[in-house]
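Copied over from Swiss-Prot:
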DOMAIN    1-88  domain 'HPr'
ACT_SITE  HIS15  active site, pros-phosphohistidine intermediate
Amino acid sequence: MLQRDTTIINKLGLHARASAKLTQLAGNFVSQVKMSRNGRQVDAKSIMGVMMLAAGIGSTVTLETDGPDEQEAMDALLALIANRFGEGE
């Protein structure tokens, strides 16, 4: 199991489009992918769960991956967040 804190840096935070990109990417991996903020943990493969975190710009979230491709999943998700979900601000 891997766990890593990261900060949401895109201007609109985890809005619908960003959440969709994150859940779609998470769904490509066999590993379980969880995301948490302020004590609430959700399945990162669930768009409703991710949106319920209400993570705006500057929010710190914790990613957790567990399974055979956990490192690849973690690296890909961190890259997506660092790239501002491809929104090119």
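A Cβ is built for glycine as well, from the same backbone N, Cα and C atoms used for every other residue.
Taking H, G and I as helix, E and B as strand and the rest as coil, DSSP gives the domain 'HPr' (1-88) the counts 33 helix, 23 strand, 32 coil.
Taking a C-beta cut-off of under 8 Å and a sequence gap of six or more, HIS15 (active site, pros-phosphohistidine intermediate) has these contacts in its own chain: MET51.
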